[in-house]
Each structure stands twice: as structure tokens, then as C-alpha cells.
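**Q** To start, I am sharing the structure in question, which I have written as C-alpha cells.
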Amino acid sequence: MVKGGREALLGGYEMGRTLGEGNFGKVKYARHLATGGHFAVKILDRGRVVSLRAGDQIRREIATLKLLRHPHVVRLHEVAASKTKIYMVLEFVNGGELFERIAVKGKLSEKEGRRLFQQLIDGVSYCHDRGVYHRDLKPENVLVDQKGNIKISDFGLSALPQHLGNDGLLHTTCGSPNYIAPEVLQNKGYDGSLSDIWSCGVILYVMLIGYLPFDDRNIVVLYQKIFKGDTQIPKWLSHSAQNLLRRILEPNPMKRIDMAGIKSHEWFQKDYIPVLPYDDDDEDVQFGARLPAKEQINDEPGDKNSHQINAFQLIGMASSLDLSGFFEDEEVSQRRIRFTSTHPPKDAFDKIESSATELGFQVQRGHSKLKLMRNCKGSKNPESFMVSAEVFELGPSVNVVELRKSNGDPALYRQLCERISSDMGARNTEQIFATASLEDDLQNSNAGTPLFAL
């Protein structure tokens, strides 16, 4: 913590200097007291969010970051709230923006530009594979860490699969003018993947050449240049770099190179080492927790027993929190359910394993959790369908079972959850996939009862 920069303790975090400010609040440096870890806490003013009608944007950013776990995407670790503020605990990236780096040092060498572009494409491609389109990619939203590696940030304008129209295309104009794809400006449907690729091409141009490919003080003239793809690519760039830029900055999206084409391009392939996403089970993310009072800061999860949930966490998991308006998602129960059970953890794990095995799943036992895997049709990957199972102790006779899908078909996930919850004495499937109130669950805790769906 920087001297003179200490502030009040906040739910287990010691707050420090302000890193930046935006429309809805500020971002502060924070240190986690239990681990000493460094984080960036985005503090949003709920009144400001409501007055600017930005609830959907904030909700979208949270919902998006919950899905993404990749070395080149900024990680969301925790979300909490008070009556007046929303707190997003994010990965701390201490190298600043790519924009600042280029503004200060100028254009990058082809070798360095290629390395960063490979990381950018790895991160963006990972997002696309999960149905997430950024829609506002620019150097200001690409951070650089202390080791010189990039992290994609600011997913407030991103789109998820449920935002697609009946034609399978996106229809909302988003993004920054200089980086926006021509098809997005036409107010017609557009492919989110191809529009993101265009923005990546503009970023590559800026990295290698040092200025924008499309720029003009007059916004109409700027848009005309973008529509025409009217830009000059210097001859001093290597032939293969020129070729890739032209293929990305193709104004006709039907002719534009796609993600697979970029990854197989000779310029991109040089010294390319693909980066693997994080294991989805590496670390869980906590959502919906009410901001602890100052005297509660030592009551942190995992201090004494990684299997136990304290009363504060239990309240945070319930659906009756003020946060519901920000964190509810119609698709969320298709990825994770939790229900209460009276079975001891060992017996619960045995029952889960038995139910999953009978349905043809492979079961791997790890520390305090099970991994349930099944090969789906058309895939040779044994992890093409994967669900993790955990059991948390609420008390001597009440536990919480969590089933969380990492990959795979929602219908198969629903079938698996129905079987396991039924075998453990829970209520019917429709109730399992609905969010129940905390009070009802505690009153019915003698049987397996759904507690919440995150």
C-alpha cells in the first residue's frame, strides 16, 4: 500500500489510491488483507447508474466477465454492493493502457506488435468461442501488465448470444468511431465476430504504424473513409504484415478474413505459441455478496474451512438481496444451481458420483470437489461436457450442493442436475431451476431444497 494512500477497510480489502475515474464512479487500488493480493476495485454509484439508465450496461459487463477466464482477459474476482454503491473486484493490471504506451513510445517493432497481436487475438477468439463479442475494442481498453502482456478490459458494451436478433446478427451500434467496423455504422445486422476482427485490425495498424488508419475531425468524412476502407499501408512494413492488414481492414465483412484465417496467416504464425484458458475450477468467483460492515471484515470465506459457508456468505447467496436487479440473468440457471441437503459431504459426493456414473459420466475426484465429464456427439474431447460438483457445510446437519457447468449442452446439464437432485431428495426440476428465497429454504432444509441459482 502506498504511504498516505490508505483508506477504510472494505470487506476484507484495504483501499488505496484512485487509479481512474469514469461516468459512473472510480477505480481504486486495493490489497486483500488475508492474501496480500493486489486488486482494482471498480466502485459504481448506483444512483448515477440509474439516472443514466446504464443498469443494462453494468449488468452486461458483470454477466460477461463471469463467463471469461483467460490469461489475456481482465479477471473479475468478486462483486458486492451496499445501498448506494456497486463494487467489482477486478484483476489489478499495473502497466497501464496500450494506448498510453504507444502515445509515449511510438509505434512498436513488427516483432513486438506481432506478439501483442497474437495475445489480443487469443483473448478475443476465446471470448467469441463463448458467444461474447466485445464491440468496443481499442488501445484504451487493452491493458498491459508488468511483464508486457496484454489484458482485454471494459466489457460494458459487449454482447452475449441472447442479444442476437432472429437473423442471428447484432443490431446495436456500439464502439468508438475510429475503431468501428463499417457494417456496424449501417444500422443493419452485423456479425459480432467480424466487427471485433475489424477493430483488432485497427489496433494492429496503430501498433505497427503509430497512428490511426481512419481519422478526420469531421465525423461524416471519417465514416466515409471507414465505409470505403480508405487507408494507406506503408511500404516499409513487411509484405506479409501488409497483406494481413488489408485482409482485416476489408470493408465488406463477407470478404474479411475470419479468426481462423488470421491464426493460420504466415505473419501471425511466426513464433506463435497459443495460450490456454484458465481451468474453470481454478478459483470460484463470488457474486451477490452484501458489503460487510467494518467489524465483519475478518469473517472471510475460507479462513478456517474451505468447505464451510458462514452466515454472511449464505445471505449473499440468497435471492432476496438488493443486488438482484443487477445480477439476475435469465440464462444463469443453465450454468449453475445450488440446493441444500442433509447428507454429510462424503455421502453427498458418493451419491453424486453414483448418479453421474449411471448416466455415463466419467468422474474425477479432486480436493473438495468432483469433476463430471462426458464425451458429446461429434467431439473427441473427453471434456466436451464438464460439470464440477462441490458440497459446502452450512452447519452440523445442513449442506449446500453446487453443480456448475463449464462446457456442454444445457439439456444434458439439466438432465444431470435433475437426476442428482432427485437422488438426493430435492424438489422437482422446475423448482430446482428457479431461485428460491432464503427463508423458504431454511424452513424446508430437512429435505434437499434449492437454495439459489447463480
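Yeah, the Cβs are placed from backbone N, Cα and C, and that goes for glycine too.
Sharing the record's features from Swiss-Prot:
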- 13-268: domain 'Protein kinase' (DOMAIN)
- L19, G20, E21, G22, N23, F24, G25, K26, V27, K42: ATP binding site (BINDING)
- D136: active site, proton acceptor (ACT_SITE)
- 154-183: region 'Activation loop' (REGION)
- 304-328: domain 'NAF' (DOMAIN)
- 334-363: region 'PPI' (REGION)
**Q** Starting from the Cβ of L19 (ATP binding site), draw a 10 Å sphere and report how many other Cβ atoms land inside it.
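**A** Around the Cβ of L19 (ATP binding site), 17 other Cβ atoms lie within 10 Å.
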**Q** Specify the secondary structure state of G25 (ATP binding site) as given by DSSP, simplified to three classes.
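**A** Note: G25 (ATP binding site) is in a strand by DSSP.
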**Q** List the residues of the same chain that sit at least 6 positions away from G25 (ATP binding site) in sequence and have their Cβ under 8 Å from its Cβ, in sequence order, or write 'none'.
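**A** K42, I43, L44, D45, R48, K85 - these are the non-local Cβ neighbours of G25 (ATP binding site), listed in sequence order.
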**Q** Given the recorded positions E21, D136, which one is most crowded in terms of C-beta atoms within 10 angstroms?
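**A** Per the Cβ count within 10 Å, the most buried is D136.
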**Q** Do me a favour and check the Cα-Cα span between the residue listed as 'active site, proton acceptor' and E21 (ATP binding site); whole Å is fine.
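**A** One finds 18 Å between the Cα atoms of these residues.
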**Q** With DSSP assignments reduced to helix, strand and coil, which class does D136 (active site, proton acceptor) get?
**A** coil
**Q** Tally the residues of the region 'PPI' (334-363) by DSSP class, grouping H, G and I as helix, E and B as strand, and everything else as coil.
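**A** Within the region 'PPI' (334-363) the tally stands at 15 helix, 8 strand, 7 coil.
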